[in-house]
Number of protein chains: 2
Amino acid sequence: MGVTAPQGFRAAGVSAGLKSSGAADVAVVVNDGPSDAAAAVFTGNRVQAAPVRWTRQVLGAPSGRLLAVLLNSGAANACTGPEGYADTVASAERLAADLGCAPQQVAVCSTGLIGERLPMDKLLPGIDSAAAALAAGAAAGRQAAAAIMTTDTRAKTVVVQADGFVVGGMAKGAGMLAPGLATMLVVLTTDAVAEPSELDTALRAATAVTFDRLDSDGAMSTNDTVLLLASGASGTRPAPAVLAAALRRACADLAAQLLADAEGATKEIAIEVIGAADENDATQVGRAVARNNLVKTAFFGEDPNWGRILAAVGTTDAAFGPDLLDVAINGVWVCRGGQAAADRAGVDLTGRQVHVVIDLHAGVDTVTIHTNDLSHAYVHENSAYST
Amino acid sequence: MGVTAPQGFRAAGVSAGLKSSGAADVAVVVNDGPSDAAAAVFTGNRVQAAPVRWTRQVLGAPSGRLLAVLLNSGAANACTGPEGYADTVASAERLAADLGCAPQQVAVCSTGLIGERLPMDKLLPGIDSAAAALAAGAAAGRQAAAAIMTTDTRAKTVVVQADGFVVGGMAKGAGMLAPGLATMLVVLTTDAVAEPSELDTALRAATAVTFDRLDSDGAMSTNDTVLLLASGASGTRPAPAVLAAALRRACADLAAQLLADAEGATKEIAIEVIGAADENDATQVGRAVARNNLVKTAFFGEDPNWGRILAAVGTTDAAFGPDLLDVAINGVWVCRGGQAAADRAGVDLTGRQVHVVIDLHAGVDTVTIHTNDLSHAYVHENSAYST
């Protein structure tokens, strides 16, 4: 399952002792070809972890060629200076030696606490163990997905069966999701035949409408990375639109898993902005509402507080008239024309799914942003657990 | 005390029954002159409550002339449509009739739940009672300040004794503080002699460096208003800089009281950005850190998590080099050159005051933004109490 579902991929997940719990913490994914085409999307944060800088460099352009990905949980290797960068290089070199390839063919991803050095005495032997454990098949894919978990409560994998090729994937992330893919690691694999530039186009199109529209707590991490590796082992060269559609399905599925596992959330909130003058306005309004702590706490309290939603919309510079705004919560139009409409007592917020529709009456564009509520458990997890 | 401290002002605070608790909920401040010069600063939210639109209109320009201010707690009269606006007009007309002036000389401020009509059957008699109770002296000023409280745990007043004149003031606000003065009502009074345009200049200068630098939860209200009324009763015409300094002192004092009373906060956090290329960069960085829920929960957990601070700085487009960032928390430089420096165990976060210094090493400008932590009590108050 996951990254090993397409032909031409092996994976492993082992425990190197980076996590005090003894849980698996080192994963490796290897592309056995015949192609080694790859593409990536990285965090928009200007403070970037050493593994992000390394992978960006070895990939050269947004797309390029990669033979393997090394991932570790337990330490982010961010804000660790030149020494931290050297640690990333040393770990790529170690896996390259194990695999008999060049270090520049190895991408590196790390996740965990910022500002602490990697325990290299544990990580390097762990890389050797993972390389020795590499295997094809469902079990190996599941082990790799488990080894990249941090506060995740479950491993996240996906398989999309397309016409003549397969897309597989795994993801790590729980909370801290924000535009720019915050604290999220994703490895996607496919046995389709595609050039690096084609992968790049398809990957960007897919992430723009999936991961980029998650906004769990407005934060953005130093380590976010989405990698796509194509082995070409199926022999199928899909049309660009077919490849893009399969990738979008895989990303949408993983994004939904990430949101469902957000730290301390009791609600999954879809904020659908309709009637926007353009996509940018719709996105801006959706994010402003998604990030508003008063809106998020209201939903935690199961209070259909459309006034807070209007106040959040009012902080944007999107095109709209305050006296034209309509808001529906779970199907009930509680606000019409900027004032109270249907009785808010008719809104059922007892379930986990919340659907907000905001009609700006300024055009025809629409965007849906996904977020969570702000709960006691969110405060607990993020005040008691260092990340 | 408060608004009645300068010569030429009367005030009152009475219960009209808008609050189910029976606490005082209608306040009036009257300027007995000889001057009626006034100035105001309003919310930047594009969804503006009826009283904000009314007061903006009667004032004409940002500054103008006002004889009285009518304030109510218990309902915000925001998102209430044309009927809500008519309610505001009717309430101004009622006070004007009681005082024997024109409705256009009466500013109106409301605070409370958005989206519900004012109970005019209670408010109008309450206005009559307040007008009848108008008095000079300290007790009247305190009663007015108490009548504008919502989730405030204490009334907020200030008196600044300047050279030949006095500035007084009262404020309402607890949480929801953000740029643009969110859910905050402030009435400042002075017996200085000053033209409306002079008041406007001094008021804007004062709010820009005080209320505008509070950022408690990133939300922004539909009702925020800061009013300044000058009676000229002292006969003193201060130099512009002297008036501005006195107003700044009054605003800084009230701003500190607002922050200290923020809903559910256990920490008062000052984020001092130094070494910025310009004031705009410094403000942007300070706000990004102040609004970051991961930073705010870390401080609630008394965790000196400088990594989250760097990640927040990295979301801005301010001028800085990631490898040059220094961060001190309560005097300990836990991060130097973008990586760990002094032992974080040396940071004492047990007290209520937290002082963060972020050195961007990009220039000489500096700005301090004030915020609070994100606590269980914040979630409780904002999920259980509708605003």
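Note that Cβ sites are derived from N, Cα and C of the backbone, with glycine treated the same way.
What TrEMBL says about a protein is an automatic prediction, not a curated fact.
Since the structure is predicted, the reported quantities are computational estimates derived from the model, not experimental observations.
For reference, TrEMBL has these:
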BINDING   B:THR150, B:LYS172, B:THR183, B:GLU263, B:ASN382, B:THR387  substrate binding site
ACT_SITE  B:THR183  active site, nucleophile
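Less than 8 angstroms from a Cβ of chain A: among the binding-site residues B:LYS172, B:THR183, B:ASN382, that describes B:ASN382.
Reduced to three states, the DSSP call for B:THR150 (substrate binding site) is coil. The Cβ of B:THR183 (substrate binding site) has 30 other Cβ atoms within 10 Å, all protein chains considered.
Residue density at B:THR150 (substrate binding site): 21 other Cβ atoms are found within 10 A of its Cβ, drawing on all protein chains shown.
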